[in-house]
Amino acid sequence: MRVPFSWLKAYVPELESPEVLEERLAGLGFETDRIERVFPIPRGVVFARVLEAHPIPGTRLKRLVLDAGQAVEVVSGAENARKGIGVALALPGTELPGLGQKVGERVIQGVRSFGMALSPRELGVGEYGGGLLEFPEDALPPGTPLAEAWPEEVVLDLEVTPNRPDALGLLGLARDLHALGYALVEPEAALKAEALPLPFALKVEDPEGAPHFTLGYAFGLRVAPSPLWMQRALFAAGMRPINNVVDVTNYVMLERAQPMHAFDLRFIGEGILVRRARPGERLRTLDGVERTLHPEDLVIAGWRGEESFPLGLAGVMGGAESEVREDTEAIALEVACFDPVSIRKTARRHGLRTEASHRFERGVDPLGQVPAQRRALSLLQALAGARVAEALLEAGSPKPPEAIPFRPEYANRLLGTSYPEAEQIAILKRLGCRVEGQGPAYRVTPPSHRLDLRLEEDLVEEVARIQGYETIPLALPAFFPAPDNRGVEAPYRKERRLRELLSGLGFQEVYTYSFMDPEDARRFRLDPPRLLLLNPLAPEKAALRTHLFPGLVRVLKENLDLDRPERALLFEVGRVFREREETHLAGLLFGEGVGLPWAKERLSGYFLLKGYLEALFARLGLAFRVEAQVFPFLHPGVSGRVLVEGEEVGFLGALHPEIAQELELPPVHLFELRLPLPDKPLAFQDPSRHPAAFRDLAVVVPAPTPYGEVEALVREAAGPYLESLVLFDLYQGPPLPEGHKSLAFHLRFRHPKRTLRDEEVEEAVSRVAEALRARGFGLRGLDTP
C-alpha cells in the first residue's frame, strides 16, 4: 500500500518526518518496503489554459492556443486536448524526467510548437500516457510553475497484514498513530443536504452477499478535472485521476478503506437491484472487456418494469454502460459491505483484482458505510457543485461489535510486564475502544473498523503493540532438571531421520499451510474436511487439511506456472486432521524416469518413485512392499497401497489423469504415508566378505497379477540367503500366451560366514520354481516359450 507522507500528515499534523514515520509504523507492525521520492517537476513546466483547439487537416494532431502568461501555440496528438481545460506545459529547454530529453521548439505540420503539453507519464507523475494531464482551467494563474502547487512528495510503500483491513485506508494508520500519542484530525463531512425525494429505489435479493448496502443521491453535478491537490494525492497513492466525481470515490476509498461506486442516474432505470448473475448474462466492465457472468457472481443491476440488467460486478468493477461521463448530471452513490468470500471468488473467476476487491476481500467496517457516504457527498458538493439529498436508501442491519472482558492484571501476567492499569485503559480508549466497568475486570467494546479484535488476548496484544514490544522486559527462562523425554522425543528423532534420508536421496523438503480449500476435496476426490474454520484468512484456507499431497501438487503447479523445471522431487512431513490428528509423510515426483528402458512411459515415474521408497526403507531396515489397490485420486492402473512390516501405512501411484487435466499438469507421481512407521529393532550385521552368487529368473504370469505378489512368493521360497531381488525386465507379446506377461529378476545369494556352494544356490532356485508352479505361474524357457 502506497502512503503519501503529506496526505497522512493532514490527519496527524505532528508527524516529524518520513523517516520517523517509518520507525513508528514498524513498531506498530507495518513494515515499509521502501521510501520513494516522487514528483520532481522541473521549473520549466508551467500551468497553461487551453484557449483554442484546432484540428490540423489530414492528421490526428491539433493546434492548441495556450495562455501560459503569454499566448503560445503547441501541437498535440492527445485525444482529450480541447478548449477549456488546464494543462502542464513544458517550455523549450526543459528536461523532462519522463522523457529523459530536453523539450525544444519545433515545426510540426507547418505549425511552430512552442514547447509541449504533457501527459502524466511525460511529466513523471504517473504511468498513463494516453492523453494530456487535465486540470481545472482556473487551477492556477497561467504561467505559474507547476512545482509551486505540486511539490515533491515522499511515499512509503507498506506491507499491511491480512488481519488489519482498516489499515488499507490512511485514516486507519492515523488512528494507530493517535494511539501512540499523536493528535488526530478527523476529516470533516460538512454536508448541506436537502430534504428531497429520491428518484430511484433499492432492492437487495441476496442479503448474505450484501449484508449492508446504502445509496446516496447527488445531482446538479459539473463533471470536470479534479483540483490539483486531489490529483496529486491520487497519483502519489498509485491511482490515475479520471474526473472530480470518480476521483472523489477513489479518494474516500483510500482514506477510509471503504470502496464505493457512482452510477450515472440515466442508466439505472427505476433503481438498483443487488442479486446473483443470471446464466449467460454479459457485462462490459470499465476496462472495456466483455465478460460472461457466472451464476455465483454478485452483481449490481438496474431494472425497468420486469426487466433487470447488470450494471457492475459487485465489489470488483463497475460496468461501462453506467459510468460517469462528461455530461453526467446526477448519480446514485453506492457504498456497501459485501461478503468477502463472494468477492474473492468473483475476482478470481474473472482474473480481475482491483483496489476495491482487495479491500472487500479483507473485510470492511460493517458500520462504516453511512459515514463514508457523508464524506463523499460533502466532497462532491465542494468539488462538483452537487446538490445532495438528505435521505439515504439503506438495506441490512449491520451487527455492532460485542464487548470483550479485559483484565489488566491478566495482561501483565500474560506479557510478563507491570504496565499500570490506567495506562492500559488509556491505550484502549485512544484506539477507539469504549471501556465500561471498574477494575479488576472491564468490558471493552472495540471500534467497528477493528475486525481483528475479538478476544481478550487481542486486547492484550494491542496494549503490548502500542506500549512497544521493546518495553517488555527480557527474562531468562527458569532452569529445571531436564525431564526424561526419551519417549516423547522418539517420534521427532524418527521424523528427523526420515528428512535426512529423503534429502540424501535428492528430495527437497517443502512446508505448506495446514489449511486447505474445501473445494480441493471435490477436485482431488477426497472426503469433505471435517474441521472448518469459523474465521478463515481466505476461502482457500477455510478448512484443516486431511492429506498432504494436494499441497505438494499445488506447490508444483505454482512453480510450473513460473518456470518449467525438468524434474522435481518434493516431500513434506506435517499434520493432517481427520477423526484424529495424525502426522503424515508425503512425496511427489515430476519428470521423466531414467534408467528404466523396459517400463512403459506412463509407468516409469511410478517405478522410479517406488525405487526411492525401497531405498528409504532399506536404510531404515524395514520390509516394504506395494500391493495393487485403486484409490479415487490415483490412476486406476498405476496405484497401490504401501505396506511396511506387513502393516498398511499409505499409498503410492500416479495422480489421476482427470485431476491432472483439470489442474493443467503433466503426469505426476506421489505417495503419502502415515507416521510413525512400524517399529523394528535394528541389529548390526557385518558385511559378508564372501562372494555372491547370481541367478536370473523369468516368471510368466497372467497380466493382471500384481508384481508384489510375485516378489513376495520368490522371497519366501528363496530362503535366508537371498540378499537382493531386482526386476530388470517386463515383457508382453509373442511368443508368450495371450493375456500373460514375463517378469525377469536378478537374484543375488550370499552366505554371511562362507562361500555358497552351487548346489545350495540351485536348491534355492528349485524351491522358487516349485513355489511359482504351485501358484500356477510358469518359468520362461522351461514351462513356456
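In case you wondered, yes, glycine gets a Cβ from its N, Cα and C as well.
Lifted from Swiss-Prot, the feature list:
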type: DOMAIN; residues: 39-147; note: domain 'tRNA-binding'
type: DOMAIN; residues: 399-474; note: domain 'B5'
type: BINDING; residues: ASP452, ASP458, GLU461, GLU462; note: Mg(2+) binding site
type: DOMAIN; residues: 688-780; note: domain 'FDX-ACB'
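Annotated features, which come from Swiss-Prot, shown on the structure.
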residue : record              : Cβ neighbours (10 Å)
ASP452  : Mg(2+) binding site : 18
ASP458  : Mg(2+) binding site : 16
GLU461  : Mg(2+) binding site : 18
GLU462  : Mg(2+) binding site : 24
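The Mg(2+) site, placed at the center of the C-beta atoms of ASP452, ASP458, GLU461, GLU462, has further neighbours from the same chain whose C-beta lies within 8 angstroms: ARG450, LEU453, LEU455, GLU457, LEU459, VAL460, ARG465. According to DSSP, the domain 'B5' (399-474) comprises 33 helix, 10 strand, 33 coil.
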